[in-house]
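According to TrEMBL, the protein carries these features:
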- 42-61: transmembrane segment (TRANSMEM)
- 73-93: transmembrane segment (TRANSMEM)
- 105-129: transmembrane segment (TRANSMEM)
- 141-161: transmembrane segment (TRANSMEM)
- 193-212: transmembrane segment (TRANSMEM)
- 271-292: transmembrane segment (TRANSMEM)
- 304-326: transmembrane segment (TRANSMEM)
- 338-358: transmembrane segment (TRANSMEM)
- 370-392: transmembrane segment (TRANSMEM)
- 404-432: transmembrane segment (TRANSMEM)
Amino acid sequence: MALVVHVLACLLGTGSWVAINGMWVELPLIVPQVPEGWYLPSYLTVLIQFANVGPLFVTLMHHCRPGRLSEAGTIYTIVSLGALACVLLAFFWQETSVVGGAARSTALLVLLFFLSLVDCTSSVTFLPFMLRFRARYLTTYFVGEGLSGLVPGLVALAQGAGVTRCVNGSLAGNASGPGLRAEYQPARFSVRLFFLFLGGMMGLCLAAFALLNHLPAARQERAKERFRAQARVEAGSGLQAVVEERPMISPAESRRPSSCFGTGTYSWPQVAYIFLVLAWVNALSNAVLPAVQSYSCLPYGNSAYHLSATLAAVANPLACFVGMFLPNRWAARGLVTLGLLSAAGSGFGCYIMAMAVLSPCPPLLHGPAGVTLIVLCWVLFVGSLSYVKLMIGMILRDEGHSALVWCGAVVQLGSMLGALTMFPLVSVYSLFRAGDPCNTRCPR
């Protein structure tokens, strides 16, 4: 029955960001049909930042009124709200009204705010809830969180969203004259069906959460006091057993000296270091680099862009899956390893950012080497930082419920700072120039 709990934990993780990730990949089909046009991604970025009021409220309630906010009740509320918003989007996303003398997609923007509120708040509610279960299920949850980006991306790819072809402008009646231009291919199924699919995914998330709460098999997999002293010997390793589970932080633990955190394993400087790394990797992976993905890849062609997006999305859950088979209890030197892994991922990110800055004429533009390198950097960037986030989650799980609440808050804080940094650079000052996958005007 443990397999059932793994599936349920994975479905819960998938529901964490599937709605907003699905919205991003569906933009090529939505943008031509709304009055905001290509300003819509900028509006979506701003809405996501406003939606951080959700995790801020939960974190403050946890800190100021511990125990007053029902964790299960909050999760039931936000997941139900997310499912309802997706269904309403399916039928009303094209509805407009006049605001300030201009047509606006009011229904779309309002519902997008609620979806952002749901997904942002999941960061500070889902993780602490998973503390109730044995440690291995937290890894499965992170696999599901990675799938929240991969699954809607694959469905959108099957739909044809964002897939372009190069057509002759003169033959297609292009007023700008002859030459190749990129043209979006028609979708295989409608935007309405895609939003209903997202609503179905949120419904599965809600069902998974209900079963994790009430299914007898799930209750048997809860981390209980008796597991504190339970030990096991790793097969073939010859190592002494490790502590498998720790319960929630107790009142006695909360009164420990200020030099420690949770179990007392880490000093405050080490805790600050962990949270700093967490904020940094989430700023990079959730905001900074995704904002320039098209600039870094499109000069190398559509195939490079789609390969990097798809394989990077695969790298996220794959890194978490690999984490299931690697040690998840790190000694002090593990913090150094975290720093090295985050530095390696940041190095790949620097190459990606350099290619975006040099767009539309980055190096190795002509030939397979440039395509291979940019795709490989995207895969290694996402894979390494996903593994860092997994290991930090495992470390903070051992530090108790409060640590996981702050983990979600720092994830959102890092993502917000990254988005607020990149928004003016990309959307206001236009410091990046897009490459044209159909017309390369750079010297060989």
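Placed from the backbone N, Cα and C atoms, the Cβ positions cover glycine too.
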Residue numbers, six or more beyond the limits of the transmembrane segment (193-212), whose CB comes under 8 Å of its CB atoms: 5, 7-9, 11-12, 14-16, 18-19, 22, 26, 29, 75-76, 79-80, 82-84, 86-87, 89-90, 93, 129, 133, 151-152, 155-156, 159, 161, 218
Dominant neighbour of the transmembrane segment (105-129) in 42-61, 141-161, 338-358, 370-392, 404-432, by Cβ pairs under 8 Å: 42-61
Cβ contacts under 8 Å made by the transmembrane segment (338-358) with residues that lie 6+ beyond its boundaries: 273-274, 277, 280-281, 284-285, 288-289, 292-293, 295-297, 299, 330, 373-374, 377-378, 380-381, 384-385, 387-388, 391-392, 431-432
Among 42-61, 141-161, 304-326, stretch most in contact with the transmembrane segment (404-432) (C-beta, under 8 angstroms): 42-61
Long-range neighbours of the transmembrane segment (271-292), counting only residues six or more past its ends (CB under 8 A): 261, 335, 338-339, 342, 345-346, 349, 352-353, 356, 381-382, 385-386, 388-389, 392, 395-396, 406-407, 410-411, 413-419, 421-423, 426, 432
Outside the transmembrane segment (304-326), six or more residues from its ends: residues with CB under 8 Å to it: 136, 139-140, 142-147, 149-150, 153-154, 157, 162-163, 293-294, 296-298, 370-371, 374-375, 378-384, 386-387, 390-391, 394, 437
